[in-house]
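> As annotated by TrEMBL, active site, proton acceptor applies to Glu1279. Residues annotated as [2Fe-2S] cluster 1 binding site in TrEMBL: Cys63, Cys68, Cys71, Cys88. Positions annotated as [2Fe-2S] cluster 2 binding site by TrEMBL: Cys128, Cys131, Cys163, Cys165. Here TrEMBL flags Leu278, Ile279, Leu280, Gly281, Asn282, Thr283, Ser284, Leu285, Asp381, Leu425, Arg443 as FAD binding site. The Mo-molybdopterin binding site annotation in TrEMBL covers Gln785, Phe816, Arg930, Ala1097. Per TrEMBL, substrate binding site is recorded for Phe932. Taken from TrEMBL, the feature domain 'FAD-binding PCMH-type' covers 250-435.
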Amino acid sequence: MPSFRGSSQPRDQAFVSWSPASHWVTHSVPIIVSSLFPMQVIERNADPEVTLLMRLTGTKYACGRGGCGACTVMVSKRDPTHFSVTACLVPICSLYGAAVTTVEGVGSIKTRLHPVQERIAKSHGTQCGFCTPGMVMSMYTLLRNHPQPSEEQLLEALAGNLCRCTGYRPILASGKTFCLESNGCQQKGTGKCCLDLGENDSSSLGRKSDICTELFVKEEFQPLDPTQELIFPPELLRMAEDPEKRTLTFHGERVTWISPGTFKDLLELKAKHPEAPLILGNTSLGPAMRSKGHFHPILLSPARISELNVVSKTNDGLTIGAGCSLAHVKDILAERVSELPEEKTQTYRALLKHLKSLAGQQIRNMASLGGHIISRHSYSDLNPILAVGNTTLNLTSEEGTRRIPLSEHFLAGLASADLKPEEILESVYIPHSQKWEFVSAFRQAQCQHNALPDVNAGMRVLFKEGTDIIEDLSITYGGVGAATVSAHKSCQQLLGRQWDELMLDEACRRLLDEVSLPGWAPGGRVEFKRTLVVSFFFKFYLQVLQELKKLIKPFPVPVSSLAFMGSWQHKLPPSPFLLQTSVDSHQPLQDPVGRPVMHLSGLKHATGEAEFCDDIPMVDKELHMALVTSTRAYAKIISIDLSKALEIPGVVDVITAKDIPGTNGTEDDKLLAVDEVLCVGQIICAVVAETDVQAKRAIEKIKITYEELEPIIFTIEDAIKHNSFLCPEKKLEQGNIEEAFEKVDQIVEGEVHVGGQEHFYMETQRVLVIPKTEDKELDIYVSTQDPAHVQKTVSSTLHIPINRITCHVKRVGGGFGGKIGRPAVFGAIAAVGALKTGHPIRLVLDREDDMLITGGRHPLFGKYKVGFMNNGRIKALDIECFINGGCTLDDSELVTEFLILKLENAYKIRNLRFRGRACLTNLPSNTAFRGFGFPQGTLVTESCITAVAAKCGLPPEKIREKNMYQTVDKTIYKQAFNPESLIRCWNECLDTSSFHNRRMQVEEFNKKNYWKKRGIAVIPMKFSVGFAATSYHQAAALVHIYTDGSVLVTHGGNELGQGIHTKMLQVASRELKIPMSYLHICETSTATVPNTIATAASIGADTNGRAVQNACQILLKRLEPIIKKNPEGTWEEWIEAAFEQRISLSATGYFRGYKAFMDWEKGEGDPFPYYVYGAACSEVEIDCLTGAHKKIRTDIVMDACCSLNPAIDIGQIEGAFIQGMGLYTTEELKYSPEGVLYSRGPDEYKIPTISDVPEEFNVSLLPSSQTPLTIYSSKGLGESGMFLGSSVFFAITDAVAAARKERDIAEDFTVKSPATPEWVRMACADRFTEMVWNYRLFF
């Protein structure tokens, strides 16, 4: 559904007035959306297809499916109940009688901040800030319902909110300050925080136990006062007391929304419109209408029908109204579980287990029980449990009522067991369980929470009283077919059997036979799903054994059941350790460098007042653009028929390659396709229309005729086979590798596969191009890391000088490399549209299109050959890497070079050969991504280490230590460096993590547990910072001092969330010796600082900081005579005097850059200014039966030298680590055989959620070391933490190796990233995987 952002009506016509606050709906036609302040907003023509995603700066559009939480708002009813919802799924017509509170209504920097907003900002819980309003609203809603929540409630409330920047830990830390269990600074009992120690107290910092583990002081926060919250609007209260009974009808352009006031009216309407769906939460229908093109001309809304929300308790069971939300169902079941004996609540407990992980809190608040059941999704988490629990559906129509079982026939959609078209589901009856009856639920998904299951199951068994003889058995699976599947035949054949090992074996064979998955089963992963079918039953078998042991004494329980793994409960991680004080005791208090200063925009992020590109209000005569992309992977374009699209009302034009007055990209990389397409998702043309809705409807009408071309290449293996490469091989070599291989004790060869990764920045690609009336000038507001590149590309595309184009970047909602090159493409296409039509053009990509078009991290295939001595000393290493570059060169050659340069990581190996190639395939071009090849390539190197350790029978950490750089040395490319800090990080990490003790504990745990294993790994890192070219290290800044003493700082860096603007003002504050409050940064603009370099490669703060420093020093030198003449004067007096004496108060600062070069012919150079060192230790526990894992603990030690801002730097380390952890564990790109990206949103592509944060997460900065090269001896930490996420990967492989060793399976196996549950489960081979394998061979 479209939103207010794309409303077909101009905003000044659609609304009487606007107040950025809390909003409520009071009437039918017109709908009044009114604030709690005197002003009101009136929607005169409510369109059923328009959602609540208002044009406010706080309510963010990020996915459009309700899967990310960025658009979270609070809806209130008169009860009073408050619940969080995702605005992108809430039709505005559904809000009759409800109050809506957006983040703007919670608090404002202009008036008063709410404690939630203050705490998330001051706890450093914002980086790019795009997700922050949603986080605030989820926490705010929680506090409205529970002013002192538990930590479990906090996790639950935030589980539906995604963040790509922070790593979640500081967000959780801010929320914990409201929790009953929360603790503040460890020294709060003394009334002091260790961060506030005076000069005479600095010596106490030598003791780690005295160090505060917080980067903020809880006692400074304003208290939460529930009595000061907004009241429920009196007008709505009066409406609720005298509810409207008449039917409300809203007519949209295409859809009519009918909301009956009585149950009788609803039944009449359903009889009149039998094909019209009932819509309550819109969580199923909304995404289907949006992304699958489903269309319903009439929608029936039963939201006002009280009969659908009735809850009835009896001695035999529980009847729940079909209109109850899943969140309400969860509360109802929890209450019933607390009231009844355990034997009666087996089914309720199983449902509760799945309700905790089903979607996020917002979706559970919106989705109804009836809608969930009727949708009959094959992946439904509740239907399998309801089916085995003998649930009954109560149906009603004008003809009367009837009851049908929620059976396999109903779930399969058989007409004889289904609702009639005129019937509605009124309620659901769930009977109590009974003694000797046991019900369990199982699910396995890509990650624990907010993810659709690969397979789920409901299982129930009833025994003859006092025995273990099966009297009744019911097993149902989801995710294994087009509908939920019942194993009815298998269950019937097991009746009368004893619950023992013989029954188990027979049951597994019968289940595999009955629940058969064809090779084309939905979602694929057939072997994995088959394994889960029997693994789940085995878990059920063990669970029931344990329960029978309690009831039948004595009852023999096999040893295997004692090692059964129950469900995991995630815990909130503590705050990180801050084991250094980078602030010298003699540093003036006014000097902010080295202090944990809050992000400059933190408070604005939290209030929703931070303006992003698409938050810019609509400008006069603005048009919207939508892109038409290829549906073929490699084909010739025969014809493009635009006629039907141009007939759609509101469509202004279609932009094609013929409309480009200048250069259409490059010969190999066109902005708009000409003659042929090279991948699915390549841009062919663009529609310009009055609204985005019209533009998107028009692109569906454009008919493109193709002629398929060959060969079509998708994989690296196919590219190698067809010799399809983008650039020549890159190679580095040292020593004599062939001779070394002849002298070693052992040689191991292996392969490593690393999947790609989607940037998944929360703010999708977007641009606003505004043409001026004179001289072909353009203002371009764009979300980019490289505005100068956008400017140059637009210039060449339009064939106008660069000086006519100004690019503006206020802030960017995440980039990670994905907004370096791509924004220039979108900016240029939009600029062509603006030039042709003479109108401003706004282009905002949907999440699906963004993921389809833009590419991401390069997948890698690596082959290694390593020669070593029996003591673990590596003598020779030969690695060949291939990356999937996609259909054009983009940055693939550079990524290949950087990958090869960084492959050695922390190890000194005398004989090396590294080779790399970038493959040309028919996929969208992959591009820059945080780490730039290092996270993929170094995984190959570390896999070599692990393989050597396995062959030598030594722990991997011993092999790492033995081969690590130890003294001043030279890299493979002959660059000298001192590894002292590397060794310090390694030793500090081993020490602070208690690694060796925990290694022994892990081994002891694994001896006692067969079906669950733990793994632990510690990984060192030597990360090279910067570009391999001097010219890319230059930077400029412009600093103005105004006559009132205020200072405006402009520089060439872009605020991506990494806090560069904050750091620049810290630098300027120190250099000018004035408080940060005197300083301001407006935006990054090509009109103020020209010819800038992309904000990337971790050096943005380094280089721009030097430029700002230079400008400030120039200004201060000019002021020296005045200050010397009046040393007691104030800053304002000095500036006024300087102006009177005609001294320039504006200065350009410039930094020429670090020297860097690489000679690939000679294989040597100094390509990098410096290195960042670090180490990470992670411990995990895996479930060998399902492949799931939980992260127990992570310890990171990073060499930041003298951090400019430890709060920001720790945030960067944590965020990069969690993003890297996602790369190596959950983020998996899936393509169709035709090259279409399946994983195009948060439903299919799983970045880490808040429940994926390690239960204990400690980050420490190495005590200060010096590096004279950088500003104030600081280091750039934006990318380096990414690879440390591999410590989780290697901990998982360590656990898998332990399982394989116990099962007498070869410990060496092909390394494949990400370590998804599928890979882990199948690697932990056992009797069940063998069953599946044998079944496949047999059939």
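Quick reminder: no glycine exception, Cβ is built from N, Cα and C everywhere.
Where the annotation comes from TrEMBL, it is an automatic prediction and has not been curated.
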> Can you name the residues of this chain that are 6 or more positions from Cys68 ([2Fe-2S] cluster 1 binding site) yet have a C-beta less than 8 Å from its C-beta?
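Non-local contacts for Cys68 ([2Fe-2S] cluster 1 binding site): Ala62, Cys131, Gly134, Asn161, Leu162, Met762, Pro1242.
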> When you measure from the Cβ of Cys63 ([2Fe-2S] cluster 1 binding site), which residues in the chain that are at least 6 apart have a Cβ under 8 Å away?
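Looking at Cβ-Cβ distances below 8 Å from Cys63 ([2Fe-2S] cluster 1 binding site), excluding near sequence neighbours, one finds Ala70, Cys88, Arg847, Gly1241, Pro1242.
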> Sequence gap of 6 or more, C-beta under 8 Å: which same-chain residues meet both conditions with respect to Cys165 ([2Fe-2S] cluster 2 binding site)?
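Listed in sequence order: Gln127, Cys128, Cys131, Met762, Gly814, Gly1057, Gly1211, Gly1215.
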> Within 10 Å of Glu1279 (active site, proton acceptor) (Cα to Cα), which of the binding-site residues Arg443, Phe816, Arg930, Phe932 do you find?
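The binding-site residues passing the 10 Å Cα test are Phe816, Arg930, Phe932.
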> Least buried of the binding-site residues Asn282, Ser284, Gln785, going by other Cβ atoms within 10 Å?
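The binding-site residues Asn282, Ser284, Gln785 were compared, and Ser284 has the fewest Cβ atoms within 10 Å.
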> Round to a whole number and give the Cα-to-Cα distance in Å for the pair Ala1097 (Mo-molybdopterin binding site) and Phe932 (substrate binding site).
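Given the Cα positions, Ala1097 (Mo-molybdopterin binding site) is 8 Å from Phe932 (substrate binding site).
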> Out of Cys131, Leu278, Leu280, Ala1097, which has the highest number of nearby Cβ atoms, where nearby means within 10 Å of its Cβ, if these are the binding-site residues?
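Buried the deepest by this measure is Cys131.
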> Determine the mean pLDDT over the domain 'FAD-binding PCMH-type' (250-435), rounding to the nearest whole number.
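Taking every residue of the domain 'FAD-binding PCMH-type' (250-435) together, the mean pLDDT is 94.
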> In sequence order, which residues at least six apart in the same chain have a CB under 8 Å from the CB of Arg930 (Mo-molybdopterin binding site)?
Phe816, Gly817, Ala1216, Gln1219, Gly1278, Glu1279, Met1282
> Inside 10 Å of the Cβ of Cys71 ([2Fe-2S] cluster 1 binding site), count up the other Cβ atoms and send me the figure.
30
> Given the recorded [2Fe-2S] cluster 1 site (Cys63, Cys68, Cys71, Cys88), which additional residues of the same chain have their Cβ within 8 Å of the Cβ centre, ordered by sequence?
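What remains near the Cβ centre is Leu53, Lys60, Tyr61, Ala62, Gly64, Arg65, Gly66, Gly67, Gly69, Ala70, Thr86, Ala87, Gly134, Arg847.
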> Among all protein chains shown, how many Cβ atoms are found within 10 Å of the Cβ of Cys88 ([2Fe-2S] cluster 1 binding site), not counting that one?
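So the number of other Cβ atoms within 10 Å of Cys88 ([2Fe-2S] cluster 1 binding site) is 29.
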> Hey, for the Mo-molybdopterin site built from Gln785, Phe816, Arg930, Ala1097, who else sits with CB inside 8 A of the CB center?
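What remains near the Cβ centre is Gly815, Gly817, Gly818, Ile820, Ala928, Phe929, Phe932, Leu1056, Thr1095, Ala1096, Gly1278, Glu1279.
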> Out of the binding-site residues Cys71, Cys163, Gln785, Phe932, give me the one sitting nearest to Asn282 (FAD binding site) by CA distance.
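Minimum Cα distance from Asn282 (FAD binding site) across Cys71, Cys163, Gln785, Phe932 lands on Cys71.
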> Calculate the distance in Å between the alpha carbons (Cα) of Cys71 ([2Fe-2S] cluster 1 binding site) and Cys163 ([2Fe-2S] cluster 2 binding site), and round it to a whole number.
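Their Cα atoms are separated by 13 Å.
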> Neighbourhood of the [2Fe-2S] cluster 2 site (Cys128, Cys131, Cys163, Cys165): other residues with Cβ within 8 Å of the Cβ centroid, in order?
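Close Cβ neighbours, site residues excluded: Thr126, Gln127, Gly129, Phe130, Thr132, Arg164, Thr166, Met762, Gly813, Gly814, Gly1057, Gly1215.
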